[in-house]
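Lifted from TrEMBL, the feature list:
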type     : residues : note
COMPBIAS : 312-332  : compositional bias 'Polar residues'
COMPBIAS : 333-353  : compositional bias 'Basic and acidic residues'
DOMAIN   : 466-623  : domain 'Katanin p80 subunit C-terminal'
REGION   : 305-385  : region 'Disordered'
REPEAT   : 16-58    : repeat 'WD'
REPEAT   : 59-100   : repeat 'WD'
REPEAT   : 101-142  : repeat 'WD'
REPEAT   : 143-184  : repeat 'WD'
REPEAT   : 185-226  : repeat 'WD'
Amino acid sequence: MALTNTTITSWKLQEIVAHSSNVSSLVLGKASGRLLATGGEDCRVNIWAVSKPNCIMSLTGHTSPVECIQFNSSEERVVAGSQSGSLRLWDLEAAKILRTLMGHKASVCSLDFHPMGEYLASGSVDSNIKLWDVRRKGCVFRYKGHTQPVHCLAFSPDGKWLASASDDSTIKLWDLIAGKMITEFTSHTSAVNVVQFHPNEYLLASGSADRTVKLWDLEKFNMIGSSEGETGAVRSILFNPDGSCLYSGSENTLRVYGWEPDRCFDVVRFNSVCHPQNNVSWYVVDLSRVKKSGSVIQGLIQDKPIPAPTSALGTTLRRNYERPTTSCTGQDKCSKERRSPSSEDEKEDKESSAEITNPEDYKEIFQPHSVISRTPPKRTEPFPAPLEHSFSESVLEKPGPAVKIVTPLKGPITSSTPVQRVEPTVIAAAPRPVPIGLNAGDFLSHARNAKAGVMGDEEALAQIRKGHDTMCVMLTSRYKNLDTVRSVWASGDVKTSLDSAVSMNDLSIVVDVLNILNLKPSLWKLDLCTSILPQIEDLLQSKYESYVQTGCISLKLILKRFWPLISDTLAAPPSVGVDITREERLKCKACYKQLKNLSNVVKNRAEQVGRHGSTFKELQLLMAPLDC
């Protein structure tokens with residue numbers, strides 16, 4: 001019998017053992033659709049490439065099960081929320097922890113990145129929603145209104161609104177700029193599991209445990225459609241990239257919906273076997289064989305498409321999103337929760353690590369030699385289907401638990417072995433203690449003893465290679481960032497170079513630039529101080545001695561060169577007529593406030609007994625005039 005290509009619509013692609021215990025969450029990257037992150041009860045986050053069997057990277061640091069995960073839009077960062085209420089943010093390209101965010105009083109169960117900024121939102125079992133500025137390591141706004149856990153969050157494409165779905169059966173829409181709720185949708189009769197904005201139009205879709213998918217008009221704030229016929233709770237929904245239809249995933253079923261009028265274009269059914277809760281399975285649906293348009297008449301799908309409502313000019317009646325640069329402000333800021341780095345934060349960051357378990361795949365995906373998308377080149381069949389003569393697993397397997405089809409939601413996942421954090425130095429594992437006066441070889445046969453000796457060498461080499469790969473990744477990232485700063489420096493603009501280093505959220509780059517400035521005090525200008533003083537505060541509280549030393553030297557130079565100017569400028573009366581010195585006075589005022597904050601840090605460090613105690617006491621004397 002000749003082999004022929006398959007005509008099946010869906011098939012099982014792969015199954016992996018994702019974690020050493022139950023998988024509690026997973027997410028598929030939206031940019032490429034080929035990067036998967038899983039979180040487990042083993043407190044780990046594992047990164048996978050779709051269709052590859054081995055874990056690329058294992059992220060550690062959480063001390064309680066990971067309940068939710070989310071990639072940012074470029075898939076360069078991933079954030080994970082835990083059962084304890086903490087969030088950890090990792091930089092995947094640099095293979096390091098960026099931020100640890102604390103604030104929720106209960107488990108974090110939903111996350112989403114703002115589309116155009118360094119912000120992310122988190123929802124919790126405590127019913128609160130928090131908006132975080134990851135650059136400043138703090139909460140900038142808190143939204144209250146739900147009465148039960150918030151299980152899904154989604155930012156609008158223009159970044160102005162945030163939609164939240166809760167177990168209290170409601171959907172709330174928040175205005176980020178005004179800092180208040182715009183409206184509330186209450187038509188669902190059970191917990192709302194997921195919400196999704198239309199990619200272009202002012203539409204919002206929601207899926208619920210009441211077995212319905214509903215669509216909401218965001219201009220008139222009313223419901224325009226509701227599905228029927230779902231076989232179970234709706235776990236995931238996703239608009240087609242062009243916005244022409246909506247996919248919904250429930251137990252073993254994928255449905256394709258249209259609206260205005262309501263209709264179901266197609267239904268794809270899955271069968272999955274029951275598998276251990278630490279496994280994850282991938283299923284593929286060939287969308288070229290799925291109906292995404294047409295009308296449904298007496299249960300049959302017609303091939304005649306139904307156009308969306310249009311005006312006389314032929315344009316869509318519903319308003320489309322604009323995508324301006326937006327900022328998030330508000331009155332109810334979490335000032336108590338915004339804090340500078342502390343010893344507790346440093347301890348948490350030290351306990352967090354990114355272990356690269358598959359260096360070749362890691363470099364291919366996160367550090368390609370040429371500037372290309374991490375999505376592999378398009379092929380005719382990126383996920384080859386099984387041949388027609390072979391029976392598909394999806395047909396033969398018995399019905400089992402729900403399958404996450406569209407946007408993977410919570411499900412079992414696993415992680416790998418952690419390694420020690422290696423920034424900025426690699427710490428070799430301590431050798432195992434050997435009992436004094438005893439020889440282990442006396443208790444083993446000759447053959448077994450020889451084998452044990454070989455295994456010991458292999459284990460040692462494995463540990464060396466593991467640390468080496470991670471260190472190479474970090475040094476490569478550092479070199480790339482320094483090269484960016486150097487290219488800006490070559491233009492002669494020191495201020496822009498320093499701002500570029502600060503924006504990278506990597507203190508090692510800031511230290512490298514400061515070491516150059518400290519060697520050439522003539523390069524220091526007053527406008528540099530406003531950019532670098534917050535970074536010096538981080539350096540003075542660092543666990544790395546070289547960072548502390550660089551921070552102290554920079555602070556001494558600033559005090560000696562600019563304190564007389566700052567004090568004289570602030571003491572001088574305002575000018576009569578045109579205030580030519582206004583800009584300089586504002587800079588001096590900003591520096592003064594930052595130096596006041598630093599004086600408290602210096603005072604606390606001066607009271608500690610340590611290698612730099614005398615240096616901090618000297619700084620304390622230089623900063624004494626600030627208290628006058």
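Even glycines carry a Cβ here, placed using N, Cα and C.
For the domain 'Katanin p80 subunit C-terminal' (466-623), the mean pLDDT of the prediction comes to 80.
With DSSP classes pooled into helix, strand and coil, the tally for the repeat 'WD' (185-226) is 0 helix, 24 strand, 18 coil. DSSP states for the repeat 'WD' (59-100), grouped as helix (H, G, I), strand (E, B) and coil, give 0 helix, 24 strand, 18 coil. Using DSSP to sort the residues of the repeat 'WD' (16-58) gives these counts of helix, strand and coil: 0 helix, 21 strand, 22 coil.
Helix, strand and coil counts under DSSP for the repeat 'WD' (101-142) come to 0 helix, 23 strand, 19 coil. Mapped onto DSSP helix, strand and coil, the repeat 'WD' (143-184) counts 0 helix, 23 strand, 19 coil.
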